[in-house]
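Taken from Swiss-Prot as is:
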{"type": "COMPBIAS", "residues": "191-202", "note": "compositional bias 'Basic residues'"}
{"type": "COMPBIAS", "residues": "209-254", "note": "compositional bias 'Basic and acidic residues'"}
{"type": "COMPBIAS", "residues": "272-296", "note": "compositional bias 'Basic and acidic residues'"}
{"type": "DOMAIN", "residues": "44-146", "note": "domain 'RRM'"}
{"type": "REGION", "residues": "191-296", "note": "region 'Disordered'"}
{"type": "ZN_FING", "residues": "12-40", "note": "zinc finger"}
{"type": "ZN_FING", "residues": "148-175", "note": "zinc finger"}
Amino acid sequence: MAEHLASIFGTEKDRVNCPFYFKIGACRHGDRCSRLHNRPTISPTLLLSNMYQRPDMITPGVDAQGQPLDPRKIQEHFEDFFEDLFEELGKFGEIESLNICDNLADHMIGNVYVQFKEEDQAAAALQALQGRFYSGRPIIADFSPVTDFREATCRQYEENNCNRGGYCNFMHVKLVSRELRRKLFGRYRRSYRRGSRSRSRSRSISPRNKRDNDRRDPSHREFSHRDRDREFYRHGSGKRSSERSERQERDGSRGRRQASPKRGGSPGGGREGSEERRARIEQWNREREEKEEGGA
């Protein structure tokens, strides 16, 4: 029974705990939800509720006076906010991800999720944010149960085909430019490189770990799933690709041991066919029989 309850915890089958709060840290029913919202007492992730106020939040693409807004100005406004927030929160420790929702529903609009490397860093930031204001509005911060943003983000939105629009109950993460992301998160990579010079063994982030971070954290992503899949299949990833490369190396080394200039393979230099192999083996057998008969 305990194993069954553990397996369905935080899923739609769980009739006790709210799956949306467990995955996203927010629920459209709020305190009126019929299921439990288990608020963590400690977490590496903080939720700053409704903190980002987009200039076109009343009507998308139009300001409060009804004038159309240039999309570039909207993005510039967002990136200024993103950088301000990153610089302030970065004082408390290393930030692994900073995600800002582009949703329009009341329980999601402007939500900011900041994930620190350590829980005590998040606790220090939470304490410092108590009673603080931003742009004349109080900052409402609390620990969030979200630690894996793959379960919280909307995959259809990342592929530009979410039919629920801004009122989707999964996170529509607004992305920053590559230059700003490199500027802010690149400082951690530089510190890793500096630290690795003083140690005999480098502890810098490997390409595989970087791919894992990109999948886990949407703020490190600036292209769609289709683009990412192209990169995935181009470079290979995971256990299958490693097994495939090992098998190819093994086959290649075996082929080098067996091949000789006199008895080369197929004319095209490629892998021999089964008929060619059989013909070559029959030729070897005939040569061996002729030698044995001659010796007799």
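Just so you know, glycine gets a Cβ as well, placed from its N, Cα and C.
Because the structure is a prediction, the values reported are computed rather than measured.
Here the zinc finger (148-175) has, by DSSP, the following mix of helix, strand and coil residues: 7 helix, 3 strand, 18 coil.
Mean pLDDT across the zinc finger (148-175) comes to 91 in this model.
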